[in-house]
Amino acid sequence: MDRSWRTNCAIILATIATTSFTLAAPLSAQETFKLGIVTFLSGPAADSFGVPARNGAQFVIDQLNKGSVPSPYEKVGFGGMKIEPVIIDENGGATKQVQELRNLYQRDNVDVVLGYISSGDCLAVAPIAEELKKMLVLMDCGTPRIFEEAKYNYVFRTAAHAAMDNVGLVRYMKAKNVKMDTLSAINQDYAWGQDSRADFVAAAQQLYPNVKVQTDLLPKFGAGQYGTEISALVGAGSDVVYSSLWGGDLQAFVLQSVPRGLSKRSQLVLSAADHVLPPLGDKMPDGTIIGARGAYGLMSQKSPLNDWLFKGYEAANGVYPVQAAYRITQSILGLKAAVEKAMSKNGGKKPSTDEMVAAMTGLEWPSPGGLIQMKLADGHQAIQPIAISRTKYNPDLKRVELVDIQYFAAECVNPPPGVKSIDWIKGGMQGAKCN
Amino acid sequence: MNFFLTIILDGLIQASWLFIVALGLTLVFGVLKILNIAHGSFYALGAYIAATAVTMVAARGLPPSVGFVAMLLSVALIASAVGLLLERGLLKMFYGRNEVVLLLVTYAVFLILEDVTKLIWGVNPIYATQPYELFGNLEFAGLYYVGYDLVLIPISAVVGLAIWFGLNRTVIGKIVLAVIHNEEMSVSMGVRVNRVYAIAFAFGVLLAALAGALTAPKISMQPGLSSDVIILSFAIVVIGGLGSVEGAAVGAILVGLARAASVHLMPQAELFMIYLIMAAVLMFRPEGLFKRETARRI
């Protein structure tokens, strides 16, 4: 009887202890973090951006789940929670993406959605996340309008917007004494192309006050054939031809313009061209000034984090990582930092959306492309350093190399908080810290 | 002067390949009375087949000229077969139905072919640039032009003349014209209309695919290629008159010149200019520039 009573007491105590331990324990072994990832898996943007971003996400999530990422990200997954990705195709237009975002939050019950490459998609989905009070991390899209024309609490962008690319290009040209008395431009006729064009022209007018804009072309996205445009650009004979074309459009433009002597007559300046260097190879003319929307890929600086990404991605995919892979990596690492910061404040529990939002606001974290700082839009928009360089084909390695690389600090090429980027540029880029 | 010559040359280069696509579209409409929405997909199919042929030839270390011939031959063979197969296997089941039904059938074919191309060639851009360097570069009006682009102009002229000659100066052509003008009378005279339908449709597909093959060396092939082409082709045949070879030629030249002129003079009006011309033609000639008005049969 005594023994039985004692046994029962022991069972009850053990049960209470186990229950208490479970309640007090930060996470169960099976707790996961469900992460919606949206990137182009098909369509014109898939090859240049979407698939490298998907490959980058898979590599980083695999490494995080194994606990193989260098310091300060060595902890498994997000704060010990394994990451469970749900990958969605961004192709199909903004209306489809709005529905897909609702599905991710409401049907798939993801904890956070991270992704988006198209500026149009970013502009469309941001208000939906805000309406649903769910956390959305935009990882790539370039238009400055997202936070300059609206205010969001649940939305973040972990990469700098297009103003940085264009200010960086013009600063580079000035530093390298590139002549620009006359300028022509060719950009796609949608948010990215138009915003990039406006930023570049405005920055050029600040640092080259006498610059004259000659031919200014805005072909539609996916035009593919640029014979007439090239005639107009070659005919204008400007000192500089600027373009923010990307992907298949940029490749077609380069393939069609080089035999017609455009690169010999004008200095080509391309704001986002790193991703077309592997497929174009020797077709890319030497001396072209290019940006990569950050200090990425062949322009990235040596660090344990960058070595880990560059070598690991190359080994996994047979090609070195370009901007999209870097941007999704910095986005996932930023989210990890935010989740773990929130967990450190709530006793190690899986954080709520509001806890993650509070942790992400104004956050800073190291990434393979440099330090990311959420400094703009009340801590919701990132700034980061950028690198600009020139192309040079290496026939021995049979690949384009980047030479004459110059790095610009984040606060040299990004506007300060509270100022619209175009106003900042037109106002002479006051407060820029370039030393 | 050089400036206007540049506009004319750019316009003609643009018109050359557009004319071949529009010719196929107008031929199919003239004979079968089908507004073929899938026509742009055959253009894309031709481009992809050409790219595959060129890549295979280049991989064997053969010169670009062999690649050029290989791409034309492979496109001719495959596109004709696809055209015949589709007409005999699918379209003929819907003859006699409402024209809207046939329109929807070709739309279904368009959607299927979009996915078939993705299935076979994937979603990443494909290039086949070797033939683009085949004819060197030429200087004209102070600008360098790629010889390949210039060669497209006589090629399209030859294709157009061959089709015109075939239709107007051969027995088979006169039979086709008879079917176009009066199908019932042709049947009563012993014409095998079904055979004419099959040949005309296969020719239409072949022309679209040929245009795709000819443009393949200078573009990046990727999903979505077909939709842009079909919109421009429709604009051309509407301007020229549905079913008219001469109309397709004039429509293509007008569209090419309008686009070139607006890119050089007023880039922001590039797309608008094409549809402005179309609207102006429809306002004064609702049947298009070259379509003869016909009495309605009761």
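Numbering starts at 1 and runs along the chain as displayed.
Each Cβ is built from the backbone N, Cα and C atoms, and glycine gets one as well.
No curator has checked TrEMBL annotations; they are predicted automatically.
Annotation comment: TrEMBL describes B:12-35 (among others) as transmembrane segment.
For the transmembrane segment (B:42-62), the residues of the chain that approach it from at least six positions outside its boundaries are 21, 24, 68, 70-75, 78-79, 82-83, 113, 117, 120-121, 126-128, 130-131, 204-205, 208-217, 219, 221, 225-226, 229-230, judged by C-beta separation under 8 angstroms. As annotated by TrEMBL, transmembrane segment applies to B:42-62 (among others).
Sequence annotations record features per position, and here TrEMBL assigns transmembrane segment to B:68-88 (among others).
Listed as Cβ neighbours of the transmembrane segment (B:100-123) (distance under 8 Å, sequence separation of 6 or more from its ends, same chain) are residues 33-42, 44-45, 48, 51-52, 86, 90-91, 94, 221-223, 226, 230. According to TrEMBL, the transmembrane segment annotation covers B:100-123 (among others).
Outside the transmembrane segment (B:143-167), and at least 6 residues removed from its termini, the chain residues within Cβ reach (under 8 Å) are 6, 9, 12-13, 15-17, 19-20, 23, 27, 131-137, 173-174, 176-177, 207, 210, 214, 217-218, 245-246, 248-249. For B:143-167 (among others), the entry in TrEMBL reads transmembrane segment.
Within its own chain, the transmembrane segment (B:196-217) has Cβ neighbours under 8 Å at 17-18, 20-21, 23-25, 27-28, 30-32, 36, 39-40, 42-51, 54, 71-72, 75-76, 78-80, 82-84, 86-88, 91-92, 95, 128-132, 148, 152, 155, 159, 163, 172, 175-176, 179, 186, 225, 229, counting only residues six or more beyond its boundaries. Annotated transmembrane segment per TrEMBL: B:196-217 (among others), in sequence order.
As annotated by TrEMBL, transmembrane segment applies to B:229-257 (among others).
For B:269-286 (among others), the entry in TrEMBL reads transmembrane segment.
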